[in-house]
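K.L.:
Here TrEMBL flags 12-34, 46-64, 94-117, 129-150, 162-183, 257-274, 286-307 as transmembrane segment.
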């Protein structure tokens, strides 16, 4: 069928463009290391504040989405603008405050995004929807990365210019305006007329109970290390490998562009692979996805170790504070090509790792309400770990130690995920309940089963 604004795919694409403008641009500036600043301290502390509030508001984000709906994305998007604007002032306290406020907005935005991306597609399209979202989202970071690359190509300092921050703020503002165009779930239908959601809005009491039930769900408990590792490694990649002093600002900017470009490539290939029926049944693809994730993690982190052995934190700090960029690795350096490829592959592996997390959660439910709670749990765990990672870096732990922790968490996460992977079925069957807790309908593979064979319109 042709273009239809109320189709699930169109709505996921729209969410992707919102994230293109807001989190995408945020990632572009953070990917420079130290948010483009010479000193990472303000970014580390703001990042910790962000992670703490992100953790808290992710936990309640699922409830807010199920009660208020997609409207929560609109104010959430504008918190990104304020955060980037804080870097135009020398006030570190204000930067930390806006980081905390951004955590609130990001918690709501990403929970809504997770609910939409995991529950809107049919089971056979979940990898495709992830690939589409992740590619557009990271296209934002890639294009956003070109801005500082162009501006800073001849910059001999260790921080980016004011104009760069202003450009990012304008693009982020556009994302906030785009959020107004989203449709509520009740108005989004599959091509056969089936609604993506059969729920009315929920209530606070029910959502509080359902949120805390997740901490008793053995599947979610097993996935905690996997979820935690997926945000922990950003601190090492951005602030230690790319922003640790080894590379000058021009090399950091080019590294950043390739990092996000390879996110697009990794998501496109891996997301479609997870839906590839020729690879076997869904349980088999779950195992193949896990194996691919493990092999990718081992390869790229092993390669990164060879680069990290060239400098420690003391050497990196000296290079940053020397004021002589000629002492740092430049794009013309002999070993730079290999070091650039490793950083680019960090991006591809991140797309694989997080793509697998989303696909695995999507294999556990097709229900919009449950998906929002799973997404909330995912972001809660991610950011609880990220808060700790930011403080580990702020306390000047050796770079190689941070590498080891990041690598180890990813491996442990994959091991603990095995029981959940083993539980993946070809088709998800679940009972959807209403606000009063009474059974409503049996849902098989995302399709509502009733005596008449059609959805009960009173529930839509």
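Using the three backbone atoms N, Cα and C, a Cβ is placed for every residue, glycine included.
Whatever TrEMBL says is automated annotation, not expert-curated.
Can you tell me where each of these features sits in the structure?
P.N.:
Outside the transmembrane segment (94-117) by six or more residues, the chain places 11-12, 15, 18-19, 22-23, 26, 42-43, 45-62, 64-65, 70, 72-73, 75-80, 82-83, 85-87, 129-130, 133, 185, 358, 361-362, 368-369, 371-372, 374-376, 378-379, 383 with a CB less than 8 A from a CB of the stretch.
Within the same chain, residues 8-9, 12-13, 15-17, 19-21, 23-25, 27-29, 31-32, 36, 113, 117, 120-121, 160, 164, 167-168, 171, 250, 253-254, 256-257, 259-261, 263-264, 267-268, 270-272, 274, 347, 351, 354-355, 358-359, 362 sit at least 6 positions outside the transmembrane segment (129-150) and bring their C-beta atoms closer than 8 Å to a C-beta of that stretch.
Panel annotation: around the transmembrane segment (162-183), residues 5-6, 11, 14-15, 17-22, 25-26, 28-29, 36, 70, 73-74, 76-78, 80-81, 84-85, 87-88, 140, 144, 147-148, 151-152 of the same chain, lying at least six beyond its termini, place a Cβ under 8 Å from a Cβ of the stretch.
Same-chain residues lying 6 or more positions outside the transmembrane segment (257-274) and placing a CB less than 8 Å from one of its CB atoms are 27-28, 31, 126-132, 134-135, 138-139, 141-142, 144-146, 149, 237, 242, 285, 288-289, 292, 340, 343-352, 355-356, 359.
Listed as Cβ neighbours of the transmembrane segment (286-307) (distance under 8 Å, sequence separation of 6 or more from its ends, same chain) are residues 241, 246, 270, 273-274, 279-280, 339, 342, 345-346, 348-349, 352-353, 356, 359-360, 363, 400, 403, 406-407, 410-411, 414, 417-418, 421, 424.
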